[in-house]
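Feature annotations, reproduced from Swiss-Prot:
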type     : residues : note
REGION   : 1-23     : region 'Disordered'
MOD_RES  : SER2     : N-acetylserine
MOD_RES  : LYS6     : N6-acetyllysine
MOD_RES  : LYS9     : N6-acetyllysine
MOD_RES  : LYS11    : N6-acetyllysine
MOD_RES  : LYS13    : N6-acetyllysine
MOD_RES  : LYS18    : N6-acetyllysine
MOD_RES  : SER123   : phosphoserine
CROSSLNK : LYS124   : ubiquitin cross-link
MOD_RES  : SER125   : phosphoserine
MOD_RES  : SER130   : phosphoserine
MOD_RES  : SER135   : phosphoserine
Amino acid sequence: MSTTGKGGKAKGKTASSKQVSRSARAGLQFPVGRISRFLKHGRYSERIGTGAPVYLAAVLEYLAAEVLELAGNAAKDNKKTRIVPRHILLAIRNDEELNKLMANTTIADGGVLPNINPMLLPSKSKKTESRGQASQDI
């Protein structure tokens with residue numbers, strides 16, 4: 001049992017108290033404790049504040065959700081139910097801000113964006129004119 005002091009509050013942990021992770025406190029799915037450990041062991045700085053891993057986890061979770069949403073839309077446009085690297089590439093390259101953020105990133109098995117120079121495409125106006133002249137010659 002825990003002892004009580006002058007204030008009447010129990011000192012120490014009570015039987016009903018439960019450990020709550022920093023991710024749960026922040027309302028995040030990404031692991032704040034693991035990111036904190038990576039920041040400490042990575043020697044990015046001599047000291048790491050308590051808010052830094054929470055903020056970084058929130059940013060990473062937001063970016064992951066954004067890419068997954070756009071990739072899901074790309075998969076749905078292609079009538080697929082599974083997201084593959086091609087859908088992730090299409091999602092990133094078709095979004096202006098994500099494309100700028102990941103400009104030098106290569107996605108394995110992503111392929112390339114479909115792009116044909118308009119000059120190489122056959123022009124429709126020439127075909128219709130030539131057909132019209134041929135019928136008048138006869």
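Using the three backbone atoms N, Cα and C, a Cβ is placed for every residue, glycine included.
This view paints the features noted in Swiss-Prot onto the structure.
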residue : record               : Cβ contacts under 8 Å, 6 or more apart
LYS18   : N6-acetyllysine      : none
SER123  : phosphoserine        : none
LYS124  : ubiquitin cross-link : none
SER125  : phosphoserine        : none
- Task: Check LYS18 (N6-acetyllysine) against DSSP and tell me helix, strand or coil, would you?
- Result: coil
